[in-house]
Each structure stands twice: as C-alpha cells, then as structure tokens.
C-alpha cells in the first residue's frame with residue numbers, strides 16, 4: 001500500500017470531511033468556553049462587569065489596547 | 001473515532017494559539033509598548049485624571065500584557081481549530097496545512113482586519129470613557145457581521161464553484177463579501193473620537209503595532225497549527241526502510 005501511493009503528488013488528494021455530529025459537542029462546549037476567555041481579555045470591566053473593581057481591566061490593559069479592543 | 005480526532009485537533013489549536021501568543025507578546029512588548037507609553041504620557045500631560053494606579057505600568061507592560069495576549073491566543077486557537085474541523089475537506093481540495101493557513105487568514109481578515117478598518121484600535125487617552133458601552137457593542141457587532149458575511153461568502157463560493165469554476169466562484173464570493181462589508185461600514189455609526197492635539201504619529205504607530213501583533217499571532221497560529229494538524233490527520237507516510245522495518 002505505502003509503496004503504491006508514494007507518487008510525487010502531495011498528501012491526500014481528497015480529505016474526507018469530519019462528520020458534523022462528531023464536531024458539535026466540542027464546538028458548543030469549547031466554543032462557549034473560548035468566547036468567555038475572549039470576553040475576559042477584551043471587555044470585562046469595560047462596558048460590562050462580572051467581577052467588581054478594576055483589577056481585571058487594569059491587569060490586561062495593555063493587551064486589550066494592542067489587540068484592538070475598546071478599553072476605556 | 002472522529003470525536004477523538006476533533007479533540008486532538010482542538011487541543012493542538014489551543015497549543016498553537018499559546019505558541020502564537022508568545023510570539024505576539026514578544027512583538028507587542030518590543031513594538032507596541034512605545035506607542036502605549038507615548039499615549040499615556042499625552043494622557044497625563046492633560047487634565048484627565050486616572051486615579052491611583054491599581055496595577056503598575058511595569059506589570060501592565062509585561063505580565064499583564066503577556067496574560068492578555070496568551071489567553072487571547074489560546075481562545076483564538078481553539079475557535080480556529082473548531083472552524084478548521086468544519087472547513088477541512090469542505091472548502092475544496094486543500095490538505096491539512098493549506099486548510100489551516102486559509103482558516104487563519106480568514107480569521108485574521110474577519111475577526112481583526114475588517115472590524116478594525118471601521119473601528120480602529122485606540123491607544124490610551126483616545127476614546128471617551130463615557131462611550132465605552134456603545135463602542136464595545138459596535139465593535140463586537142462589527143466582528144460578528146464580518147465573520148457571518150465571511151462565512152456566507154465561503155458558502156456562496158462553494159455553491160457557485162461547480163457551475164462557474166473555482167476561480168470565478170471565489171472571485172464572485174470575494175466581491176460579494178467586500179460589497180456587503182462596505183454596506184455594513186457605511187450603515188454603522190462612526191467611532192472616531194481622537195482628542196484634540198493627540199500626536200498623529202503616535203496614533204499611526206500604535207495602530208500599526210496593533211496590526212502587527214494580530215498579524216504575528218494569526219500567521220504563527222496558522223503555520224503552527226497546520227504543522228500539528230497534519231501530523232494528526234495524515235500520520236507520517238512510511239519514509240524509508242527503517243521505519244518500515246519497525247512497523
């Protein structure tokens with residue numbers, strides 16, 4: 001098998017898509033988790049606040065500015 | 001089986017995001033902190049009161065900056081990996097690396113470049129704190145619109161491809177995306193609020209640095225993740241007799 005496919009053509013000519021069913025649970029759970037992370041870097045204690053005070057905002061202050069989020 | 005593949009790709013996306021975040025942090029520290037400090041100097045020369053410092057500047061520009069950029073990198077890496085899992089094999093005959101590169105390019109365009117053309121990154125002192133709510137909502141809205149329109153354009157291109165051919169279909173989809181984004185940009189309210197007297201050079205350098213941070217992050221993410229994803233999806237072809245013997 002391996003020898004027969006050792007032609008100069010690169011990798012698989014057609015990659016089979018991953019079934020959506022296998023993807024959805026990961027996409028929902030981790031998608032939300034990742035968005036929460038983005039929220040804490042980009043917007044917490046700016047427009048809205050889940051944690052009181054200014055600690056989160058001040059801690060990620062420079063990253064928020066340089067990544068392009070409105071900071072204050 | 002497929003679920004394990006998704007899990008492996010997701011983990012590698014976050015790992016690649018962490019690596020890309022490290023590079024973006026180095027760039028941000030070396031190139032971005034100068035303009036940030038210049039903006040803060042302008043802010044303090046005016047009447048604007050900032051109250052007492054909760055986190056010192058030296059911490060903000062090192063540990064704080066690193067935390068923000070790394071967490072951003074991990075989150076973006078995870079989301080891009082999920083988008084990659086969906087795009088793989090569905091956007092044409094692209095292998096793992098090419099799909100990863102395209103996913104990162106698409107992410108850079110729709111999550112950063114297009115939104116920032118309408119609502120550019122602002123250094124400290126630029127932006128009225130009283131309008132932070134409105135500016136945040138508009139910025140998030142612009143990202144959401146841009147991602148939705150970008151996804152729509154890809155779907156449109158795929159739909160047209162059989163009849164129009166890949167080149168024409170991709171061009172038409174690209175034109176449709178630009179036109180739709182242009183309409184969104186015209187309709188949404190302006191977001192400029194640079195204070196009088198803020199040095200134009202500082203503003204330009206800050207925005208250029210911001211563009212650089214994001215470009216480094218997405219480029220590194222696409223390349224690193226492509227390398228890792230290929231190893232997951234296309235286990236090394238038997239390269240020589242030695243490995244063949246081991247098997």
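Glycine is treated like the rest: Cβ placed from N, Cα and C.
Remember, it's a predicted structure, so these values are computed and weren't measured experimentally.
Between the listed ranges B:100-117, B:118-135, B:190-207, TrEMBL ties the annotation transmembrane segment to B:100-117. In TrEMBL, the feature transmembrane segment is placed on B:208-229, out of the ranges B:32-53, B:208-229. Between the transmembrane segment (B:100-117) and the listed ranges B:62-88, B:137-157, B:208-229, the one holding the most Cβ pairs under 8 Å is B:208-229.
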